[in-house]
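Have a look at the structure below, then the notes.
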Amino acid sequence: MRLKVSPRLISAIVVGLVVLFFVTQNWGGASVNAKTISSFLVVGIALGGIYAITAGGLVVTYATTGIFNFSHAAIGCFLAFCYWQLTVKQGLPTLVALVITLLVIAPAIGFLLDKVIMRRLRDAALVVQLMVTVGLMLTFMGITLTIWSPKTGRTLPQFFQDTKGVQLGDVTATWHRIITVVIALLVALGLRFLLYRTRLGISMRAVVDSRSLAGLTGAKPSIISGASWALGCMTAGLAGILIAPETGLVVENLTLIIVVASAAAAIAQLKSIPMAFIGGLIIGLSKSFSAVYLEWGTDWTYADEAIPAAILFIALLFLPMARLETGKIRITKRTERLTRPWEAALGAGVMIALVGAWANGWIPWISGTTFGERSTVWLGRGAGFMVIGLIMISLIPLIGWAGQVSFANFAIAGIGAVLFSHFGGQNGDALGIVYVMLVCAPLGLAIALPALRLKGLYLALATMAFAEIADKVIIRHPNMLDPSATGVLFKPVDIFGITISSDPSDRKAFLMFLVVTFSLLFFMLEMLRRSRWARRWIAMSDSPAASATIGVNLTTTKMMVFMLSGAMAGFAGCMFGLQRGALSVDSFPLFAGLPLVLLLAVQGVRYPVAAFMGVIGLASFPALYEVLGKPSWLTAIELIGPGIAAIAMAYRPEGAVFYSGRDLAGLLPWRKDARLEKELMVAKEREQNIGKDEINDMGLTRPFTQDKVAQLDRVLDITDLVDETKMVPTGGAS
Amino acid sequence: MSAILSTQDIVVRFGVLQAVSQASIEVVEGRVTGLIGPNGAGKTTLFNVITGLQEPTAGKVFFDGKDITNKNPFKRARMGIARTFQKLEVFGSLSARENILVAAEQRKTWDRSGFDPNQVCDEILEKVGLSDVSEFMVGTLPTGTARLVELARALASNPKVLLLDEPSSGLNEEETEEMASLLRKLVEEGLGVLLVEHDMSFVMGTCQFIHVLDFGTIIATGTPAEVQANAQVQAAYLGTETVVEAS
């Protein structure tokens, strides 16, 4: 008989050994006795309770609306600041402040989000759903930072700070922590009860499966989804208020709890509230264990903060394989045709000409500004923007075509930059760039590996976790980037007779090198889009099930695109290093990578030209500052810009490049196809909307009566088109 | 005639719900085999089991004499099983031509006969009657046309067996007739077709052999005439003879 070893068992053993290795390697020497154990448990359970609350809220929102809310923790952070404002600043009693924050502001935010944005996202592509919530996350961070300047330190007192707490063996459990645990339990029970025992909760769960069906039961889908979002915001706020006294009232710390909540949600397979609570507890206990027993050496200074991300990765290994689902296809109403080679070449030429003209001062600009003078400072900035453009363009095949949402490319570029400083960058060896690309290609694949067999959302979570691990553990390791080493890491590199470096005298050449490389990549991608590779990636993204049934091996197809994207990001990383000249350990935080993906998505993630438009978008704010001085309204726009972008994406999911491109193409006399396709599209949109909006608006969700059918006909003005006898209900015929 | 595709006592359970119980069917090359039954009888689930999108709880699937029960969907496709879907699964952001081209190019990975994917693509576009709309994004096409794109895509992988899940839904009368004559042409060329369909006149007009599925169980098997005469079928599914005639 063949011995059958489950892959899960092997994974469990491997993970166990790895964890054991890290624990023994970094054992801090604290003796394991009643005192340390109880202190580990008290801290761990309290921390876990807070994580559990926020994870529970995240799972409820996802389970009832189908949207994974990356802004969950950022909303919680904003609400914690609101609470601070009300109690510490305005001096309101705790209870009153809690009621205002959690029962007024939080639900208001939830209903507003649902009404303005989230409802439009129900049928949107995953990348749009995710990018909108990422945009909201950046917005809430921006708003909080604007109202409450980070220059002032703030502390949020614990509940019952002045009391002594309870003596449990050798440790004191503060009342704040005891309350936290009690609240966590109440929230768990309450959410469970709400979802499974109340009419509202059952409707909430029904809505995500079938909106129209839930409508027929008499539930109002709009109120239900509003309630889901309100509930999510309330749990986020509660967790924020509870955790702020422990971690400090700092925007970044509070927002990063999203990684913790995601890890717990992954353990819960995004649906089980009890498991989300257990996941929260596991993470809380792990962090507490690390704090009490482990001593991370100087090599792993920030490893402690990467624990939730590591747990997220481990959880993904144990998730069951996703089935190839059918019937979930989103028919995109797009009109476009393939870019012809000469058009792509023309586009590449225009980019080079534009940047070249700017770099040489041939574009007239308002005199008296440094932007107009093309100072070396501006040339350096321009190179910086082009480097970011290179990172953005590496995402086009991955996110835009293959539909694999990744937040890791900025981190890969960071690792690429650091590696380049070892592989030849320090000697000005151009070959080092090739080595870096050869390492970054499989790296891109390795990040995706645990999530390849899972559904798309998990991949986004895995890449987010990786970005966090790369920032906190990999890049900061002294063997990668020595924090004590200062000064220039990269010597000028000679490629094809051009010297590229951060040196002021080389900057114009460097900028031109970058724009030529960018244009080449742009042209290559446009050609790739016409090839069988891109066709297969897009097919896989549109319908994985149908792709498999025409013989596409989904796993290897995904692997290809991850490697391509990884190599491109690695190249961008080398340029990043050269452009900066030096690197600091905190150059690549998760929060710096997310806006790039958002910026690209807003421009249109399917179109290589969007990366160039993103570069122009990046350059526009500093350019405006140069011209206008630094008016506060511009700063405000810059801060809430991501939010505007997020809302714009909910309404215009294909991105700015697509809509402007389509309309412009229609103006060209020889693009009759563009005009015709737009007509077709508008007609089809109209046809589909009859089913949704107009019937909903009239409240006709109940089974039709002849009167209502007649009423509908009058509204739609189709009375004479339709044979009236056919509209009589025929008992469930579809 | 021996069956090229057969299922043997397939059982599919979703929790307590038994979607398919002990279903055994056969598909023979060169003829249209019908699989009919009321809504929720398990027809699409059986399709999913045959194409590998659904793992059966028990039972086996045989193709070309080999047990393919545990094979990946893409491997089954490469052996010669193609399908369409009840709810459209077209590649909406590719043009009609690209939808077919992607399948024809994919065929290159296992079919070494040295064909030209572009030429295959043009031939199929012609055959199915999509040449006029080949450059349009499928997402902008009407449902009936998109269904033809799906059929064309399935044909592009040069299958031995083609599974069609309600091909006539969304088609008007004229289009349905065209679909029927296309199917007749395809089986004449030797293709085996398994057809799930609600339009009874379409089924009775095109199928040479029919399996009737009810509550996951095969309740009748035979020629259209035999099936129509079967009392159990009439009771369980067709209701009365008049319904058959009326539709």
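Each Cβ is built from the backbone N, Cα and C atoms, and glycine gets one as well.
Quick look at what TrEMBL lists:
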- A:9-28: transmembrane segment (TRANSMEM)
- A:67-86: transmembrane segment (TRANSMEM)
- A:92-113: transmembrane segment (TRANSMEM)
- A:125-148: transmembrane segment (TRANSMEM)
- A:175-195: transmembrane segment (TRANSMEM)
- A:250-268: transmembrane segment (TRANSMEM)
- A:306-324: transmembrane segment (TRANSMEM)
- A:378-400: transmembrane segment (TRANSMEM)
- A:456-475: transmembrane segment (TRANSMEM)
- A:559-578: transmembrane segment (TRANSMEM)
- A:609-625: transmembrane segment (TRANSMEM)
- A:631-651: transmembrane segment (TRANSMEM)
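The transmembrane segment (A:609-625) makes contact with the transmembrane segment (A:378-400), as judged by at least three Cβ pairs under 8 Å among residues 6 or more apart in sequence. Sequence-distant residue pairs (6 or more apart) of the transmembrane segment (A:67-86) and the transmembrane segment (A:250-268) include at least 3 whose Cβ atoms are under 8 Å, placing the two stretches in contact. Scored on C-beta pairs under 8 angstroms, the neighbour of the transmembrane segment (A:456-475) with the top count among A:175-195, A:250-268, A:306-324, A:559-578, A:631-651 is A:306-324.
Tertiary neighbourhood of the transmembrane segment (A:631-651): same-chain residues 116-118, 120-121, 124, 128, 131-136, 138-139, 142-143, 145-146, 595, 598-599, 601-602, 621, 624-625, selected by CB-CB distance under 8 Å and a gap of 6+ residues from either end. Sequence-remote contacts of a segment are chain residues at least 6 beyond its ends whose Cβ falls under 8 Å from one of its Cβ atoms, and for the transmembrane segment (A:378-400) they are 127, 355, 358-359, 370-371, 406, 409-410, 413, 502, 504, 507-508, 510-511, 514-515, 517-518, 521-522, 525, 528, 534, 537, 561-562, 564-565, 568-569, 571-573, 575-576, 579-580, 596-597, 599-601, 604-608, 610-612, 614-615, 618-619, 622. Within its own chain, the transmembrane segment (A:250-268) has Cβ neighbours under 8 Å at 51-52, 54-55, 57-59, 62, 68, 70-74, 76-77, 80, 137, 140-141, 144-145, 150, 239-240, 243-244, 274-280, 282-283, 305, 308-309, 311-312, 315-316, 319, 458, 461, 464-465, 468, 590-591, counting only residues six or more beyond its boundaries.
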